[in-house]
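Notes follow the structure.
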Amino acid sequence: MAMKIGTDAFKERVSQGIDNEFMRGAVSGAQERLRTRRLEAAEELGNWEEWRSLSEEIRQHVLENLDFYLGQLAENVAKRGGHVYFAKTAEEASSYIRDVIQKKNGKKIVKSKSMVTEEINLNEVLEKEGCEVVETDLGEYILQIDDHDPPSHIVAPALHKNKEQIRDVFKERLDYQHTEKPEELVMHARAILRKKFLEADIGITGCNFAIADTGSVSLVTNEGNGRLVSTLPKTQITVMGMERIVPSFSEFEVLVSMLTRSAVGQRLTSYITALTGPKLEGEVDGPEEFHLVIVDNGRSNILGTEFQSVLQCIRCAACINVCPVYRHVGGHSYGSIYSGPIGAVLSPLLGGYDDYKELPYASSLCAACSEACPVKIPLHELLLKHRQNIVEKEGRAPISEKLAMKAFGLGASSLSLYKMGSKWAPAAMTPFTEDEKISKGPGPLKNWTQIRDFPAPHKSRFRDWFADRETSERTKEEQ
């Protein structure tokens, strides 16, 4: 699965999301639960704003010294017997991983949850080579067996499905014969996945944070699949975005606490795993061979720009969980594996404005996302910068918008035109007016007035009322 999901136009995706009542209900309920848990976890920690500032400082420091820490990480991974590959593009990353698997004659692959492997379209590349690739995160596994349904949330990828829908998928794909009880569904999936773990030749994981001074990679999970993926297969491949790095375990401790509290409202997740190279002589667990693939794929182009702060992201989805737009349209409406406010900022940077020029406008600019972000990314400000670039640098504003703004500028800068427009506006809008409201607006007002009240122009203008009042006052004074 590549970063881009679906081929429908943005407006069509949004309409589909709005029409999906179950999805909107599920998203709204999940947002409320996760928001409440996050606030409780933040209050329990205490001094939340100070923790946010510290986390921001750590991420900013890493980005400003990224060359050094990437070099240190690569050196320490190599010292411990691992292999490091820097991939400039998604194609380079996928090709390297494919070559490693072919050299090991690997055919059965298990994966833990990883957004960057979806970004580089890894599963499709490996499946074309005849490999069996199994997602072992339960949410991702559900989506995979359901015809590779795209994720709709960074942390909870199957958020858009209910237990009845999951039961039906299991019945059709896994010969499931039980009820929709979550416990029964999980036990059935667990039995299948356990066998896959034991049969796998290759394990592929993502990386929440790489620790530069030890050459370690970390996995933060609640299901334990990350440990099985990284210890049972003989060859482990970890794939990470180049910015997902911390100097030492001291900084890791801070960020992982912020990640778990912001993502799911937990002090810590059930499993926090740090892996350092292949197993040593005499060790029982762990891979015999370890590869770390560090992916650029457009990230270096963001460094040093006005958008650099977006690379501070720790993928907690706190911004998604408070976003009113996401609540109404869902994750698939964004057309990217990165949804919500972070996706609206990041997707155009990694995928370009051709595919994602609408996303910066999918925001009310309420700044709830910026307030929720544990590393203080000013997301609403970055969305505005995107809009500015789209109009001024890219020249991609719709023709209708350009004409409307030009007409407004012309009318607002000419007193005679402004007077004429305000005088004739009530008459011009009469066919669209009902009960002093525009009920069926023309042009761009049509969608607005279908679900909102838009006041009709008043028949008497303020300037006329004010002039009449002044005349009346002068008359009284003269009398």
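Using the three backbone atoms N, Cα and C, a Cβ is placed for every residue, glycine included.
Since this is a predicted model, take the numbers as computed values, not measurements.
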Query raised in the report: Since Swiss-Prot lists Cys313, Cys316, Cys319 for [4Fe-4S] cluster 1, which candidate among Cys207, Cys373 does it give for that site as well?
Result: Cys373
Query raised in the report: When you scan the chain for residues with a C-beta under 8 Å from the domain '4Fe-4S ferredoxin-type 1' (304-334), skipping those not six or more beyond its ends, what do you find?
Result: 5-6, 10, 13-14, 16-18, 20, 23-24, 27-28, 30-31, 34-35, 38, 55-56, 59-60, 63, 115, 150-156, 159-160, 208-209, 243, 255, 258-259, 262-263, 340-347, 349, 359, 362-364, 366, 368-379, 382, 385
Query raised in the report: Taking every residue in the domain '4Fe-4S ferredoxin-type 1' (304-334), what is their average pLDDT?
Result: 96
Requested in this report: Give me the Cα-Cα distance between Cys373 ([4Fe-4S] cluster 1 binding site) and Cys366 ([4Fe-4S] cluster 2 binding site), rounded to a whole Å.
Outcome: 14
Report task. Sort Cys373 ([4Fe-4S] cluster 1 binding site) into helix, strand or coil using the DSSP assignment. Result -> coil
Requested in this report: Excluding Cys313, Cys316, Cys319, Cys373, please set out which residues of the same chain place their CB within 8 Å of the center of the CB atoms of the [4Fe-4S] cluster 1 site, keeping sequence order.
Outcome: Ser262, Ile314, Arg315, Ala317, Ala318, Pro341, Ile342, Cys369, Ala372, Pro374, Val375, Ile377, Leu379
